[in-house]
Amino acid sequence: MGAYLTLIYGVIVIAALVIIGLIKFIFAQDKGNEKMQQISDAIKEGAMAFLNRQYKTIASLALIVAVIIVVANYYGHLSEGSSQALSFALHVGFAFITGAFCSALSGYIGMYMAVNSNIRAAAGARSGLNRALQIALKGGAVTGLAVTALSLFGVATLFLAYGGLSGQDELIKEAPSLIVGFGFGASFVALFAQLGGGIYTKAADVGADLVGKVEAGIPEDDPRNPAVIADLVGDNVGDCAGRGADLFESTAAENIGAMILGVGLYPIFGWKGILFPLVARAIGIIASIIGIFFVNTKDESKDPMIALNKGYFVTTVVNLIALFFAVKVMLSGHLPDGRPVNYLLLYGAVVTGVILSYIFVFLTDYYTSVNKRPVQEIAKASTTGAATNIITGTSVGMESTALPVIFISAAIYIAYKLGEMAIPHIGTAGLYGTAIATMGMLSTTAYILAMDTFGPITDNAGGITEMSGAPEEIRRVTDRLDACGNTTKALTKGYAIGSAALATFLLFSAYLDEVKKILGKPIDSWFPVDIGKPEVFIGAFIGAMIVYLFSSTAIRAVGKAAQYVILEVRRQFREIPGIMEGTAKPDYARAVDIVTKGALKEMVIPGLIVVVTPILVGVILGKEAAAAFLMIGTISGVILALYLNNGGGAWDNAKKFIELGNYGGKGSDAHKASVVGDTVGDPFKDTAGPSLHVLIKLISTITLVFVALFR
């Protein structure tokens with residue numbers, strides 16, 4: 001085990017050193033003129049103020065939940081003896097606090113780097129496209145590497161502390177079950193970070209657009225708009241802090257779920273089957289570092305997306321090569337009858353996961369790109385009014401769920417069968433195959449997250465150049481990067497929901513394993529869920545309902561918070577003379593403060609609904625009903641998230657397609673109709689949709705933590 005631990009912690013150290021180097025590179029860059037710095041400072045101040053207040057709210061809720069976890073697990077394990085029950089409960093409670101802290105820290109790092117990179121990317125645009133591209137991507141890379149390294153460090157350290165280093169088989173096998181609290185803590189913070197950030201960003205965006213662009217007739221990012229700084233702050237709190245916590249949770253949950261499944265194969269692989277997910281994560285970090293340094297564009301006229309795709313391709317190739325050797329060395333055990341495990345089939349599961357990630361990126365691009373049929377259909381429908389825009393956009397969103405579901409299903413089936421063929425006649429072999437496929441898909445997480453954070457950095461850079469009155473040639477550079485950033489944000493949402501779907505299949509399987517352990521059944525036996533029982537049917541019904549109820553409250557929260565912003569912007573236009581003439585400065589801080597309070601107030605109820613419901617289902621209706629709740633909740637959540645993400649993205653880009661000069665261009669009736677569709681789609685793609693990625697993993701980790709209480 002020593003050599004593998006050296007590899008894991010060695011990679012964490014390398015990631016830390018690279019992060020330090022990237023931070024030094026970014027902070028050494030020029031910060032532009034005084035006006036640019038003033039705008040950047042206002043964005044930074046607003047973003048960090050929101051994050052600090054949000055984390056105070058989350059921390060108070062997390063402490064209450066930690067106490068409930070300890071008490072629930074103590075009483076749930078009392079049959080094993082008082083001292084053993086207390087030890088188990090404290091281990092799970094501490095893991096929850098650790099996961100919550102690491103998730104919050106990853107969000108903080110993402111936010112801090114974004115608000116310090118945006119001004120430097122804007123200033124770098126004066127030296128050309130490549131300089132600005134390098135600054136923005138490396139700012140995003142700090143987030144990507146920090147999130148994945150923190151996740152790896154947290155899971156690995158807890159595993160070792162909870163028995164992984166003991167040398168005793170029973171303690172090593174028990175350790176993954178004790179660290180499920182880490183996944184729940186990560187999920188808990190991620191839900192509120194994504195939800196609160198999503199409400200903030202869309203409330204500010206909708207408020208700024210409706211009063212600024214529609215009522216006052218001023219352009220986007222115009223310094224006369226009192227909500228413009230709040231809008232730029234929103235780009236960071238939703239896409240940096242929120243997505244950072246989301247993918248931190250995905251990697252942590254996938255690692256823990258795969259480690260629990262590895263316990264079932266202990267007679268064949270020993271501790272290597274449990275440790276393999278951590279080694280795979282370490283390999284992914286190194287591959288992402290290599291890919292990041294391959295990104296550059298010597299030809300300034302080329303689409304910067306080509307350079308980013310090159311880095312993604314390099315990351316994938318390095319991953320595939322390194323994971324082949326990892327599978328060969330770690331998963332080449334022997335079956336009970338003496339035959340060797342076919343590691344090539346297990347490697348096939350890795351390739352399946354990698355291919356699925358590419359397919360998801362391609363499908364998301366197809367349904368949200370201005371160059372493709374779906375978006376152009378919505379743009380054409382806008383020529384006959386807002387109603388036909390909404391009807392066509394809804395249709396596109398619904399259509400966009402079909403192919404992703406088919407490919408997810410195919411990937412799960414193929415990976416499951418490859419696992420069964422590689423390790424025949426072992427009950428959990430197929431599930432381990434799907435775990436390996438999930439590792440393949442998530443192996444590029446650090447690079448994907450770098451691309452995602454690249455989006456808000458370039459968006460802010462464009463806003464800063466616009467508000468500071470920078471020359472037209474600099475704005476052209478930042479506009480090209482901003483367009484590229486919009487693409488990366490859309491693509492990473494597709495990647496996030498695909499990885500969430502695979503990760504939750506693992507967690508569902510891990511839940512069934514935990515139930516078998518509690519019932520004293522062999523780990524390779526079956527836990528039957530009788531769909532004919534009314535409790536099971538009711539649990540499934542509630543699982544489907546909770547997804548829609550949560551989305552409803554999240555979307556409504558955006559509407560309520562946006563009303564606060566709209567009223568404030570109207571008040572300032574009315575009461576502060578000279579704003580429209582440019583002779584008086586709007587009160588940006590007031591608008592930021594109002595949307596901050598509104599977002600934090602509105603995020604609590606949707607979040608609590610998700611946390612409480614699965615516990616009540618398990619306690620009142622039982623373990624089988626909780627399993628049905630998980631399965632149907634996951635299926636409904638994935639499909640609805642695809643609809644919301646892709647539908648919202650398509651509405652957004654239909655507006656951009658018209659703004660390029662099609663169907664009358666800006667100011668035309670078609671453009672006005674497309675603005676309505678874009679406004680409807682905003683809370684879909686940036687609030688409810690991304691929050692569902694977290695929800696489907698959260699309900700799985702909650703049931704894992706509280707399963708001992710279920711009847």
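Any Cβ shown, glycine's included, is placed from N, Cα and C.
Swiss-Prot lists 58-78 (among others) with the feature transmembrane segment, giving sequence analysis as the kind of evidence.
If one looks beyond the transmembrane segment (145-165) by at least 6 residues along the same chain, the residues whose Cβ comes under 8 Å of a Cβ in the stretch are 1, 5, 8-9, 11-12, 15-16, 18-19, 22, 91, 95, 98-99, 102, 105-106, 109-110, 171-172, 174-176, 178-179, 182, 186, 244, 247-248, 251-252, 255-256, 259, 271, 274-275, 278, 281-282, 284-285, 288-289, 445-446, 449-450. Feature annotation from Swiss-Prot assigns transmembrane segment to 145-165 (among others); the stated evidence is sequence analysis.
As annotated by Swiss-Prot, transmembrane segment applies to 179-199 (among others), with the evidence given as sequence analysis.
According to Swiss-Prot, the feature substrate binding site maps to Lys202, Lys685. For Lys685 (substrate binding site), the number of other Cβ atoms no farther than 10 Å from its own Cβ, over all displayed protein chains, is 27.
Around Asp205 (Mg(2+) 1 binding site), the C-beta neighbours below 8 angstroms that are at least 6 residues distant in the chain are Asp231, Gly234, Asp682, Asp686. What Swiss-Prot lists as Mg(2+) 1 binding site is Asp205, Asp209.
All protein chains included, Asp235 (Mg(2+) 2 binding site) registers 29 other Cβ atoms within 10 Å of its own Cβ. Annotated Mg(2+) 2 binding site per Swiss-Prot: Asp235, Asp459, in sequence order, evidence recorded as similarity to another entry.
Feature annotation from Swiss-Prot assigns site 'Important for ion transport' to Asp239 (among others). Listed in sequence order, Gly197, Thr201, Asp452, Thr453, Gly455, Pro456, Lys489, Asp686 are the same-chain residues at least 6 apart in sequence whose CB falls under 8 Å from the CB of Asp239 (site 'Important for ion transport').
In the three-state DSSP scheme, Asp246 (site 'Important for ion transport') falls into the helix class. Close to Asp246 (site 'Important for ion transport') in the fold, though at least 6 residues off in sequence, lie Ala190, Ala193, Gln194, Ala496, Pro690, His693, Val694, each with a CB less than 8 Å from its CB. Annotation source Swiss-Prot lists site 'Important for ion transport' at Asp246 (among others).
Annotated transmembrane segment per Swiss-Prot: 251-271 (among others), in sequence order, evidence recorded as sequence analysis. Sequence-remote contacts of a segment are chain residues at least 6 beyond its ends whose Cβ falls under 8 Å from one of its Cβ atoms, and for the transmembrane segment (251-271) they are 1, 99, 102-103, 147-148, 151-152, 154-155, 159, 164, 169, 172-173, 176-177, 179-180, 182-183, 186-187, 277-278, 281, 330-331, 333-336, 341, 423, 426-429, 431-432, 435-436, 438-439, 442, 445, 499, 502-504, 506-507, 509-510, 513-514, 523-524, 697, 700-701.
Here the transmembrane segment (274-294) has Cβ contacts under 8 Å with residues 1, 4, 7-8, 11-12, 14-15, 18, 137-138, 141, 144-145, 148-149, 151-152, 155-156, 159, 164, 172-173, 175-176, 251, 254-255, 258-259, 262-263, 266, 310-316, 318-319, 322-323, 326-327, 330-331, 435-436, 439, 442-447, 450 of the same chain, all six or more residues outside its ends. The transmembrane segment annotation in Swiss-Prot covers 274-294 (among others) and is backed by sequence analysis.
Taking Cβ pairs closer than 8 Å, the transmembrane segment (311-331) reaches residues 4, 137, 269, 272-273, 275-276, 279-280, 283-284, 286-288, 290-292, 294-295, 341, 343, 346-347, 350-351, 354, 358, 436, 439-440, 443-444, 447-448, 451 in its own chain, all 6 or more past its ends. Swiss-Prot lists 311-331 (among others) with the feature transmembrane segment, giving sequence analysis as the kind of evidence.
According to Swiss-Prot, the feature transmembrane segment maps to 343-363 (among others), an assignment based on sequence analysis.
Away from its own ends, the transmembrane segment (403-423) comes close to residues 265, 268, 335, 341-346, 348-349, 352-353, 355-356, 359-360, 363, 429-434, 436-437, 494, 497-498, 501-502, 505, 638-639, 642 of its chain (Cβ-Cβ under 8 Å, at least six residues beyond either end). Residues annotated as transmembrane segment in Swiss-Prot, with sequence analysis given as evidence: 403-423 (among others).
Annotation comment: Swiss-Prot describes 431-451 (among others) as transmembrane segment, evidence class sequence analysis. Counting residues 6+ beyond its ends, the transmembrane segment (431-451) has Cβ neighbours under 8 Å at 137, 140-141, 143-145, 147-148, 243-244, 247, 250-251, 254, 257-258, 261-262, 264-265, 273, 276-277, 280-281, 283-285, 287-289, 291-292, 308, 311-312, 315-316, 319, 323, 327, 345-346, 349-354, 356-357, 411-412, 414-420, 422-423, 488, 491-492, 495, 498-499, 502-503, 505-506, 509 in the same chain.
Sequence annotations record features per position, and here Swiss-Prot assigns site 'Determinant of potassium independence' to Lys489 based on sequence analysis. Reduced to three states, the DSSP call for Lys489 (site 'Determinant of potassium independence') is helix.
The transmembrane segment annotation in Swiss-Prot covers 495-515 (among others), and the record cites sequence analysis as its basis. Sequence-distant contacts of the transmembrane segment (495-515) (same chain, at least 6 residues past either end, Cβ-Cβ under 8 Å): 177, 180, 183, 243, 246-247, 250, 253-254, 256-258, 260-261, 263-264, 353, 356-357, 360-361, 364, 404, 408, 411-412, 428, 431, 434-435, 437-438, 441-442, 445, 448, 523, 527, 623, 626-627, 630-631, 634, 638, 641-642, 645, 689-690, 692-694, 696-697, 700-701, 703-704, 707.
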For Asp652 (Ca(2+) binding site) and Lys685 (substrate binding site), the CA-to-CA distance in whole Å is 9
Just checking: which of Asp235, Asp459, Lys685, Lys697 have a Cα that is within 10 Å of the Cα of Asp209 (Mg(2+) 1 binding site), counting only these recorded positions? none
Compute the centroid of the Cβ atoms of Asp652, Asp678, Asp682, then list the same-chain residues not in that set whose Cβ lies within 8 Å of it, in sequence order, for the Ca(2+) site. Gly648, Trp651, Lys655, Gly677, Thr679, Val680, Gly681, Lys685
Highest Cβ pair tally under 8 Å against the transmembrane segment (690-710), stretches 58-78, 179-199, 343-363, lands on 179-199
Quiz question: given the recorded positions Asp209, Asp459, Asp686, which has the greatest number of C-beta atoms lying within 10 angstroms of its own C-beta? Asp686
Mind checking which residues reach the transmembrane segment (343-363)? Cβ under 8 Å, same chain, six or more beyond either end. 316, 319-320, 323-324, 327-328, 331-332, 400, 403-404, 407-408, 411, 414-415, 418-419, 421-422, 433-434, 436-444, 491, 494-495, 497-499, 502
